[in-house]
2 protein chains.
Amino acid sequence: MLAEFDLIQRYFTPLAQGHGVALGGGDDAALLTPATGQQLVVSVDTSVVNVHFPPDAPAKAIGHRALAVALSDLAAMGADSRWCLMALTLDQQRLGDDEVVSTWLQAFAQGFLALCDQHETTLVGGDVTSGSLSVGVTVMGEVPSGCALTRSGAQAGDVIAVTGALGGGGGGLALWQQGERDLTHPLLARYLLPVPRLAAGRALREIASSALDISDGLLADLTHLREASGVGAVLDADAIPLAEGLVDALGPQQALQAALSGGDDYELLVTVPQAHWAQAEAALAPLNVTLTAIGRCVEELGVSGVPTEAKTGWQHFVEQSASGRYRPGNRGGGAHE
Amino acid sequence: MLAEFDLIQRYFTPLAQGHGVALGGGDDAALLTPATGQQLVVSVDTSVVNVHFPPDAPAKAIGHRALAVALSDLAAMGADSRWCLMALTLDQQRLGDDEVVSTWLQAFAQGFLALCDQHETTLVGGDVTSGSLSVGVTVMGEVPSGCALTRSGAQAGDVIAVTGALGGGGGGLALWQQGERDLTHPLLARYLLPVPRLAAGRALREIASSALDISDGLLADLTHLREASGVGAVLDADAIPLAEGLVDALGPQQALQAALSGGDDYELLVTVPQAHWAQAEAALAPLNVTLTAIGRCVEELGVSGVPTEAKTGWQHFVEQSASGRYRPGNRGGGAHE
């Protein structure tokens, strides 16, 4: 078994060099030098086989996705991503012989490290253990002191908006369960290769009044935001931007349900004071990220403007699926989501 | 299933208050304020059922142990522990009904949080998922810039020393495999409730020339230190301090093998320049932690002074054990150990 672990070290040797890295891999812990005037932003996410991704997902996608969902939390805080730690639990017996394990690890590492590079994030440590496949990723970012976006700043009158388009996570999962395996399909790409909205989060950090990332589904995450801020919401269902190909794949009703409750979209849900709206749009334009107003915060608690059946419809759909084991948005009730 | 996750939130709501905690639980990420003039020290460790602890270990011990082994890495760097994140993957079906899950979680949280309190460490976030039982713990500490202990500073002539006593981890595992379940037994306590040597690490940080924690076993970890520092070692087998009750439990030969190769002791292995030795002893005396010289660094690479068969003897013993699945020191080959 040790031979495979040697392979892991080969693929995952943390980089000794990187922004603020005084000592990278190879010691008991990494040694980092935070920038002055910045606060640290830290979060952890675990991706478990059969819960967060299918057992036959490509290794490269598993690596990418595990990091992407963790980085998405930094995006929601408006942080700059700096460093990460990766704890991989690997089911070698299930994978097969050494060559299969080696190929799997190489692809997994490619997916993980390519996304690190894209976001100037240095892998500074990790742990590899044997067991049922799961990937725990701790991400660490920085934000100028006092400038982090939180869930609690929304006020009545603020515009409710989302980046990009919704429903791709749920739609992609549905397609995967139907046997689609082409990762260039836009919905499958949205499900298995989500894009953390770090640049958008940074651009909005002195403009938006609150933010979080959509992991559990728009309605569920909006509830988190409403409760933290003490506001209600009036949504315009027709305004919700749907992922490319979603209506074609699922039909209009299921497409809306996927957008409302499917989860795993990893877009940002933000509130923006009306006076800042033009500034917010302008901030995202050069990033090639759309920002779509989908409603407004109101004083009266609760949410209106969406079909009632949509609030729970998607969950039923997933439970009736062929697999019935892994499902989007089911990330448990940990302290950070 | 969600009901149990609500219970988890109840037991594990991270503390909003704590040293340097600007924003604790309940948002997408925690927001921390590092102290000026300090470097961050970060490490992650995953504890997996059947690999790092027996499936029937008490929940309180699993919680304590998962944090202790992570904190041990901060101790080895001479860091002050500040914050942690906990990613729990919980096998609810295996545990049983809601009441059993609730009782298990309460005990697990007690073990984890009591150790947090002992080391002034604030739990600032987490993630809870469903799957095969494992606990991923990210620890974050601080050390005055430039003062961290590393594995690479040992020089020929330095004294090689260990804190406390060795073999308790391996000896405790052997007893557990033989059916012993009394956690007040000193060896079982060493195995399931290890004590991270944070105070000793801090006390030695401007005295020792190198340090690491003994997780894989004295000989294996000494190899890591020797290779990082480019030195050899001459050990005095008779000087190695053996854990209380170890010789009685295993006999003299297996006791020495447990100390040399058993692993899971979480004592510190340090090198101290001869000129600093008296200072090192004096620094640990008020902490009630012994420091025992067990050898000396030499220029000639390799290690001598211990029985050759001991280098591999323990592993054979474990493989012949009744369980044969979980074993000490088998923490894989991740970047940080």
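Every residue, even glycine, has its Cβ placed from backbone N, Cα and C.
TrEMBL lists B:D28, B:D73 as Mg(2+) 4-binding residues, and of the candidates B:S43, B:S81 the one it assigns to that same site is B:S43. Reduced to three states, the DSSP call for B:D127 (Mg(2+) 1 binding site) is strand.
Broken down by DSSP into helix, strand and coil, the domain 'PurM-like C-terminal' (B:155-300) contains 68 helix, 28 strand, 50 coil. A 10 Å cutoff on Cβ-Cβ distances gives B:D73 (Mg(2+) 4 binding site) a total of 31 other Cβ atoms nearby, all chains included. Of all the binding-site residues listed here (B:D28, B:D45, B:D216), B:D216 has the Cα closest to the Cα of B:R151 (ATP binding site). Taking the Cα atom of each, B:H52 (substrate binding site) and B:S215 (ATP binding site) are about 11 angstrom apart.
Those binding-site residues from B:R151, B:S215, B:D216, B:D264 lying by chain A, with Cβ under 8 Å from one of its Cβ atoms, are B:R151. Checking Cα-Cα distances from B:D73 (Mg(2+) 4 binding site) against the binding-site residues (B:G126, B:D127, B:D213, B:D216, B:D264) with a 10 Å cut-off leaves B:D213, in sequence order.
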